[in-house]
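These come from TrEMBL:
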type     : residues : note
DOMAIN   : 30-303   : domain 'ABC transmembrane type-1'
DOMAIN   : 333-568  : domain 'ABC transporter'
TRANSMEM : 23-47    : transmembrane segment
TRANSMEM : 53-73    : transmembrane segment
TRANSMEM : 138-155  : transmembrane segment
TRANSMEM : 161-178  : transmembrane segment
TRANSMEM : 243-265  : transmembrane segment
TRANSMEM : 277-295  : transmembrane segment
Amino acid sequence: MGLFNRLQQHLSPKLQRVWFKGLLYKQFDTVAILAQLAIAAWAITHLGESDNAMLPLITLGLLVLLLLLRFTFMARALRKLTIAAYGLGIEIRRSLLQRLVSMSIATIRGLSAGKIALTLSEDVQWQENQSAYTTPQIACQVMMLTLIYLALFWFDWVVAGSALLVLMVGMLILGAIRKKLNEILRLRAVMMADVSEAIVEYAQGMSFIRAAAATTTVEQRFDREIDQLRVAFRRGVFRSIPLLSLFYIIIDTSVVVGILAGALRFNAPEALTLSEMLITILLLFATITPLRGIIPLLNITALTQVGETHIAEIEAVATQASGPLAAPTKYDVEVNNISFSYPGTNQPAIQNVSFYAPQGSMTAIVGPSGSGKSTLAYLLLSFYQLDKGEIRLGGNDIHRYQTQALYDTVTMVFQETALFQDTVANNLRLGDPNATQLELEQAARLANIHDTIMALPQGYDTPLGVDGGTLSGGERQRLAIARAILKQSPVLFLDEATASLDPENEQLIQQAFDSLTQNKTVFVIAHRLSTITRADQILVMDHGALCDSGTHDELLKRCSLYQSLWESHLGSEEHWHLYPNTPNKV
């Protein structure tokens, strides 16, 4: 998609007019430059022959007037082009974010986080630069060169033709330079995405890296990524240097050839006069600036094209299909013989699972590590497409609901808590944007996080850093639980909801959940089996299959796997301390 298509797609008619006005002012500036050249040419011809003492002052006054006009044109052009360009950047980013939000979780997880970050930042920035500077500048330089060569042909077609013939060779070389630049910058883009991915991994794994004393190893790996980028980019630039040097030489040579052509015909009957020859030389030298400015513009254009490719790749990714039905009115869940394998694998992650969860019931999902607990929850949330079977919510297949309506119906508290660089209050209001301060505090008290928030420097207005800043893991999870309480959805998914909490806080959270889960359909995944002993039913997963289901007491009597999990849980509760003489703390 080209720049003009982007402008039409993303900018309002008003901003499109602003951009074209900016382009027009840019062209006015070019006309003013050419007018200055014309006045200089006229001065060469007439000032020495005129006896009018005021003529030099008039000429100087015209040049000053043109300078003032150029200042006005340039200021207005930059203002309007910048407004439109940054408006374009905002709209492209908004469109890409909306696209990402509408993708399935499976699709998003298949994308490179580093490449997405690079696309939303650098690639869109090149689109802004292209619309604010590069395209208008190219248009002005083409216009200037065209008018200068028309003037040269008007004075002497031999001089103009000789210079233009040499310049045509330069244009062929320019095509080769452009091809080489595209190759270099596409390679740079790929390697920059790898570097960005490495930075993301490095930042996310910092605590583990330091704990494992692996800082040096990771730094060496990161240095290798940077060095590979440096070497590859330098190699590409070095390979293009001969072509660049040759192009600049040909630009200068075209001027020299034009002057020589005029000099060789100086004594011919149709030769130029001395003043006309001086004007021709002036015009020939005037071609150098726009021609030399082409290479930086080509560089930005190539970067823009690479960025456009990355933007188009995200736009081409399929979004999650949204069904025709509005939000459900009943909240029972029926799972009928579902199976699922992760993309690129042949091993089923879930196979032939069926169960029924009545509205208002609590269903716990337990099992050994890797048994498919979280995968089953993701399928219930419609994060992935089933290979086989059906999941029904309120009597309808979950894929028949509108995506937003489905996610408005459910609330999720994951093991990995997502907090954003914003205030505590705004992080909580993700659950309910219209929540009052009193409602925020009530939810925080239920989640046992209110006192912690009030101890922060600015209370609920305290900005949080990345992933919650200085909050502990348990505090971050309790903040997420408070957010879930605010949302008050009829269906709740709690993935390891109390795994990060100490026993005292766990008891308080369980009390909060008792009131929160009334008349709601709840699914809980927990390793601490003591938190789900009162569940209406417990699903025991093993290797992706439903091993057994029932209440806590029923499973203790008949399910050997659940008995083993329960015994392991009791053992961990009794012996979690580090030193053998330390009293047990349950």
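Positions of Cβ are set from backbone N, Cα and C atoms, glycine also.
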*Restricting to the same chain and to residues at least six past its boundaries, which positions have a Cβ under 8 Å from a Cβ of the transmembrane segment (161-178)?*
149, 152-153, 240, 243-244, 246-247, 250-251, 253-255, 257-258, 260-261, 284, 287, 291, 294-295, 298, 302
*Would you kindly list the residues that approach the transmembrane segment (23-47) from elsewhere in its chain, counting only those six or more residues past its ends and only Cβ-Cβ distances under 8 Å?*
55-56, 59, 62-63, 66, 69-70, 73-74, 76-77, 80-81, 135-137, 139-140, 143-144, 147-148, 275-276, 278-279, 282-283, 286
*Average pLDDT across the domain 'ABC transporter' (333-568)?*
84
